[in-house]
Amino acid sequence: MAIKKAKRKSNVEEVKTQLLEIKTELKDGVFTFTGPMTINEFSKKIKKQAKDVILHFFKQGKMYNANQIINEEEIAELCLEFDYEFKKEEQITVSNFMDTLVLSDEAKDLEERAPIITVMGHVDHGKTTLIDVIRKSKIVDTEAGGITQHTGAYQIEYNGKKITFIDTPGHEAFTQMRSRGAKVTDIVILVVAADDGVMPQTKEAIDHAKSANVPIIVFVNKMDKPNKDIDRILSALSTLDVVSEEWSGDTQFIYGSALKNQGIDKLFDAINLQAEILELKANRNRDAIGTIIESHLDKGKGSVSVLIVQNGTLTPRDFIVAGSQYGRIRSIEDTNGNSLDAAYPGTPVIVTGLNYVPNAGDRFIALSDESFAKNIAEQKAFVDKQAELISRNTIVVQDGIKVLNIILKADVQGIAEAIKSKLLEIKNEEVKINVVRSSVGAITKSDILLAQASNAIIFGFNIRATGGIKTFAEESRVIVKTHTIIYELLDEVNELLNGLKAPKFKEVVTGEARIKKIFFYSKVGNIAGCEVISGKVTSGTKMRLIRNGITVHEGILDSLQREKNQAREVLKGFEFGTHIKKFNDIKEDDIIQTFEDVQI
C-alpha cells in the first residue's frame, strides 16, 4: 500500500512576493526609494516644486540645480525636512533573489538537521586521507597526483547523528570552487600537518571560512610524525585569529593521524558539539532549497547533479530551478547509488532531470508552479547571456583590472555631466568605468563606430535610438541601452559591472473567451464550452478566470477542441471546448483571459 505524502509548503508565493518590483513613491507618509535620483525626479515623486528642494541645499551652501543627482543620505535628509518617513529598499531580481531570498518557517515546524562540513587544508597535509577514513572508501588511490580534482559530498552517521561532508579541492587552482563550498558550509574542518605547519592554502582556507562567518575546528594531522612542532602551529594560527581553547580561545583543536585512524572519534565529537551550539534546524515539510555541489553530463542519464538540500524536502517529480537550468527531478540517489524516495535537510544526493548542467555553487529551489519556474530560469539565462556579451566589452589592463568602456548620450549637457560624475564615483574592485565620450543629442552612426572600435557600451538618457541606428548597432555587435530615470541607469551600470542585468517583462493580454456552457467528462472533470470575444486564445498559455470582474483562478489553459479536432489557437467569433488544469469550479458567463509575459 502506497504511503500518502504529506502536503508540503510551497516556495512559489514567497518567491513571487520578494520578486515584486520596488516602486519609488510617497505613500502613507513614507517615501520608498532604491537609489540616487535627480532633484527633479525627487520633487515630482513628492509633488513639490524643484525650487523648494534647491532652496534646502542653497541654505547649506550647495549650489544645486534641478538636474543635480542627490545621493541616498541627501534623500533621507530631504524626507526629514519635508516631514516624511523614508525607506531604502533593495531591488530583488532573478539575478540576485537566491542570495537574498528569505523563507519563513514557524518554530513548531523546525527540527534538527545534519551539519554540513567542509574539510579544507594545504595540499599534502592529509585532507584527502581524512576524507578517505571518514568515508571508509579508497578515493585516494584514484586521484591524479594525490590531489582531489573535484568536489564531492558524503554523509556518515556517528552516535546516532548524521554528518554531511563536502570535500573541496585543496590547492590554489580551485580557490574559487572552495569559496563556493563555504557558502553551504556550517562548520569548516581545517587540516594542518603537525610536521609542516601553517602554509599558503591554510591561510586561504581561514579567509574563506571567516568571510562566510563559518566556525572552524582545527584537526592537527600527522601526529605520528617525529618532527612535529605543535607550539609553532598554535602560535601561527593565533596570529590569524584562530586561537585554541588551551590558549583561552574558542576554537576546538583535535590532534590525531588520519593515516593511523587516530583522533577521528574525537573529531566527530567536536563536530556534534559545535552543531549543538549552532542549533541547526530546518523544516522538512516545505519544498526544497539548497546548493549544487557538482554536476556533469552523462551519455545515458543526461544532466547529473550532486546537491545538498538545506531546507525542505526534495522528491522525484519536483520541478526545480538551479541558476539558469530547470527541470523535473527524474531520480534521486544517495552518494552510494541507492535510490531514494525523498531527500531531507542536510542530505547530499545525486539527481537527474535538469535540462542541462548547472554550475557548481548554484543555488537551487523547488517551485510547484512549472510555468513560473521556467520563466525564472529563462530570465536567468538571459542574464547569463548578457554577462557574456558584457565580458566581450571589457578590456583587461594592468594588474588584472577590467575596464568597462561607456559612451554616454543625453538630451541636455547638465544631465550628461551629472551622470558622468556619478558613473565615475561607482566603485568596484575588479572593474572600473571609463567614459569614452559624453555628449548631447541623438545616438549616431559615429557613436556606433566609436563604440565598436573601443569595445564600449552606449548609454542614452532621455533619447531614443531610431530603427536604423538600432539595426546598425546590432550589425556592428554594439550594445545600446536607453533610460529615462537616472537611478535606473546607474543601477544597470552597477549590474553590468558584475555581469548582471535581468530583463524586464510586461503582461500582454492575448485574448478573452466567455464560457457559454459546461459539460462534465469523468476522466478530466468540467469542460468549458466557450466563444472567443476578443483577440485569440492559444492552447498551453497562461490564463486567469474572471467572475464578475474578480480573478478567481490563474493557471494554464489546456488543449483546445473545435468540433472533434484539436486546435492550437481559436480566433474571435469562433467556439471551442477546453479544460482548465487543476481547476473545476467554472461557471457560465465566466471570462477566460489569456496572457503572456513579453520582454520590454
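Glycine is treated like the rest: Cβ placed from N, Cα and C.
Positions annotated as GTP binding site by Swiss-Prot, on the basis of sequence analysis: 121-128, 167-171, 221-224. Of all Cβ atoms in the shown protein chains, 29 besides its own fall within 10 Å of the Cβ of Lys127 (GTP binding site).
The feature domain 'tr-type G' is assigned by Swiss-Prot to 112-279.
Per Swiss-Prot, the feature region 'G1' maps to 121-128; the stated evidence is similarity to another entry.
The region 'G2' annotation in Swiss-Prot covers 146-150 and rests on similarity to another entry.
Taken from Swiss-Prot, the feature region 'G3' applies to 167-170.
As annotated by Swiss-Prot, region 'G4' applies to 221-224, with the evidence given as similarity to another entry. Here the region 'G4' (221-224) has, by DSSP, the following mix of helix, strand and coil residues: 0 helix, 1 strand, 3 coil.
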Integer average pLDDT (0 to 100) for the region 'G2' (146-150): 39
Distant-in-sequence Cβ neighbours of Met223 (GTP binding site), under 8 Å, six or more positions away: Ala194, Tyr255, Gly256, Ser257, Gln262, Gly263
Local Cβ density at Asp124 (GTP binding site) - other Cβ atoms counted within 10 Å: 17
Neighbouring C-beta atoms (10 Å sphere around the C-beta of Gly121 (GTP binding site)): 25
Collapsed DSSP category at Lys127 (GTP binding site): helix
